[in-house]
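Step one of this worksheet: look at the structure below.
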Amino acid sequence: MATVEIKNVRKSYGPVEAIKGIDIAIQDGEFLVLLGPSGCGKSTLLRMVAGLESITGGQVVIGGRVVNDLEPKDRDIAMVFQNYALYPHMSVFDNMAYGLKIRGVDKAEIESRVAKAAEILELGRFLTRRPSQLSGGQRQRVAMGRAIVREPAAFLFDEPLSNLDAKLRTQMRIEIKRLQDRLGITSLYVTHDQVEAMTLADRVLVMNHGVAEQIGTPLEVYQRPASLFVAGFIGSPPMNVLDAVIDPSGQGVMMPGGALLPLARPRPNDANRPVKLGIRPEHLAINEDGLDTSPVLVELVEALGADTVVYGRLPDGEPLLIRMSGLPSCTEGDRLAVAPQPGALHLFDTATGRRLED
Amino acid sequence: MQRRVIFDNKLLPYLLLAPQVAVTLIFFIWPASQAVWQSVHIQDAFGLRSEFVWFENFTAILSDPNYVGTLRITAVFSLSVAVLSMAVALLLAALADAKIKGAAVYKTLLIWPYALAPAVAAVLWMFIFNPEIGSLGRLLNAMGYNWDYRLNGDQALTMVILAASWKQVSYNFIFFLAGLQAIPRSVLEAANIDGAGPVRRFWTITFPLLSPTTFFLLVVDMVYAFCETFGTIHALTHGGPGKATETLIFRVYQDGVVNNDLGASSAQSVLLMVILIVLTTIQFRFVERKVHYS
Amino acid sequence: MSNEHTAGPHSVGRRLIDLVPHIVLIVGVLIFAFPIYVTLIGSTWDAATIGRGSLPMTPGGEAWTNYSQAWSESHGERASYTPVRLMLMNSLIMALSIAVGKIAISILSAYAVAFFRFPLRMVFFWMIFITLMLPVEVRIIPTYKVVADLGMIDSYAGLAIPLIASATATLLFRQFFLTIPDELVEAAKIDGAGPLRFFFDILLPLSKTNIAALFVILFIYGWNQYLWPLLVTNSADMETIVIGITKMIGTGEAANDWNLIMATTVMAMLPPVAVVVFMQRWFIKGLVDSEK
């Protein structure tokens, strides 16, 4: 049980800076998800915490101890890898016990810890099997068992579910969540899958190009994306982003087609300012009155059963995604009058892409 | 070239390499450089002084008609062994690769000669072709053919070529079979549908696709014929009669060990190393183009 | 015969064509087996029968006499030899030392080259690599001098050590090590394994099949050495069995102890042939992999 602090951590490969100074303090027992596209530096950051990559600048502190110069084995962490990284020539029991044996834990203690982990993970029947005799999900559980038996200060997960098929991934996601709730061990979890991030995290750190775009709870990240990048990365289908201008009175925002959308909170200081306007597809509704809204030409309708996604086009040619619950109520070629739900507008600076706070 | 994840340790890698490097330095690099040094020097009769003579030793051996004869015999011998053993191996492999009953049994019965030493293979041939005790040797003579490889140079060369090839067939067979099995069935089936018969399929599809294997084996067999067949020749003919079966290696042995002429044998050793380096370099230049065995 | 008949898949003509591969393969098998058969038969007859050139094609009654005499006695009818049991022991020690030695030093150096980064790494790699180009036969005279200067003539060390550097085995292990996933190494590091523990606990067990495959071809390589043992052994007690046979034969006179020679030959062939036949799977893997 411990806190993990990442203090202005940087990583350079020669002249290339891969991590440009990340700061975050992870509370004891907190589940932090590092989320971002591939190449954003999230895995590198995790590996620096693990001690598998050297730290170019800043500090990593685990349980109050600066671990920059410690070997991975001395950092009191356990890690679960994407491809499981089980020792193929060892039984499930030996895979889990190996780290304890090296640390000189006595035999009875090893057996009881492995037995306990096996029970939690329902691996009891498989202890004598080799990894090659297990299914993907079972292997993943062994990999977690190997981490659990160590009773470490922190768990590090590096895309642990990416090698599993969709159904198993959902199932294992729930298992990981339960496990973490039960054990309460501080966890860092790297993924590019926003669903995993939203469902597992206490807090999410969204990374892009080696910087932290936003740190917040899953709902914060969804409801108040701090940047255009976060806005586009979180949510499916992604947020619509349009070029718009704050109207002269500061009461509303003018769409390219000329329609005026009222702002929840007026911005008189920003009158006539060009902005990026973000609207989530699920926050657009068909406006029955047809007043003050732009007519959207329906180009494609995807009926997903529970939802319907409409690919539309605004009069000036900008694409617009609309997500409605239920079955489709329109077909290709229709013209729809749509309007955003009140308070569902996100404004971003055109130059920096940062959110304009209310 | 190297893995991403490595261990940080300053001393350990050197310790791990030490045994191999020590053996290499003491028994490869040092003697090889000695040979190079000696090959460009001439020692006086007492071995006290040596004089740098550029390539005199080389011009001396290369202008020696005996040595040129040895070179010619080595070339004939090596090429014959390579071509003969490959041709037989390819025929057998092509037949054993076809979907016939008992292919696995044939395979086992054809690969074991790999285990025999070249000298032992030669001895087995002697048991059969010796003009006095060998059944076939006696049969040839009884049929009126004057067979005695101990007296007739051409017969001696034929004998060592056959004995050396006989032993090498199994090696080539294993590689041809692996090469054949790596050829996708669908390619041959396509040719079949295009109307090509089995023989035509073999020469227009299979054989070209096998060419990396063939080329690789050609080099390996040449190296085998150069080096390992010393045992064959030593056991059968001792390079004779006369110098009819004296290959380069055998001559180095004769000059260096039997006649104790270090200067001449060093220059010969250097020439041999050059030939070997050329052969292996050719092999590695083409190594990427080799078939992938599954 | 009409066209319809020859075209049918079960026609007599077609069946004869199907037989051709079998006939050719059987002829091939016989060509390889015949000399062995003759030797086996010869080892069961007396020297005079063989020397007369009238060796029958069926076994004689002298097998026990011949084999037991060759196995333990140092005298035949016509000359004195090193007993087979001694020569087999020498060959076995040489073959095992070469195979085990090559594997041991190669796996260590492959480990160093693949898993560590250190100054002069590539220099060492190329130094090992060039040994591939210089088989013992081509550097025989200078190497012999070194071994003589080190006082290793007529010793097992002199027989084996100069032959145990192996670029082939090093390359094979390195190739295999490069296929080990990075995550496996990282998992071991996090579990607390240092480089030596990783080597013994993880890498060595994972290399088992490669080691077995290499062992087969290197054992045969060692067993079949000829020129080198011929040079570095003078004493009869150090003779290996392959050398022993050709020494017994000499110039191939009819008056040799052919019965003993043939029995000796059979015993010289048995160990390597047994290794190839019983470890066929590994043998083929070792052969094909190591030439990749």
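Here, residue 1 is simply the first one shown, and the rest follow in order.
Just so it is clear, glycine is given a Cβ too, placed from its N, Cα and C backbone atoms.
Straight from TrEMBL, the features:
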- C:88-279: domain 'ABC transmembrane type-1' (DOMAIN)
- C:23-45: transmembrane segment (TRANSMEM)
- C:92-116: transmembrane segment (TRANSMEM)
- C:123-144: transmembrane segment (TRANSMEM)
- C:156-177: transmembrane segment (TRANSMEM)
- C:198-223: transmembrane segment (TRANSMEM)
- C:258-279: transmembrane segment (TRANSMEM)
* Structure fact -> In the same chain, residues at least 6 away from the ends of the transmembrane segment (C:156-177) whose Cβ sits under 8 Å of its Cβ atoms read 90, 93-94, 97-98, 101-103, 105-107, 109-111, 113-115, 128-132, 136, 143, 146-147, 150, 203, 207, 210, 214, 218, 222, 225, 228-229, 232-233, 238, 240, 289-292
* Highest-contact recorded stretch vs the transmembrane segment (C:92-116), from C:23-45, C:123-144, C:198-223, C:258-279, CB pairs under 8 Å -> C:198-223
* Structure fact -> Checking C:23-45, C:123-144, C:198-223 against the transmembrane segment (C:258-279) for Cβ pairs under 8 Å, the most are found for C:23-45
* Asked: Taking residues 6+ outside the transmembrane segment (C:23-45), which of them lie with a CB under 8 Å of any CB in it?
  -> 55-63, 66-67, 258-259, 262-263, 265-266, 269
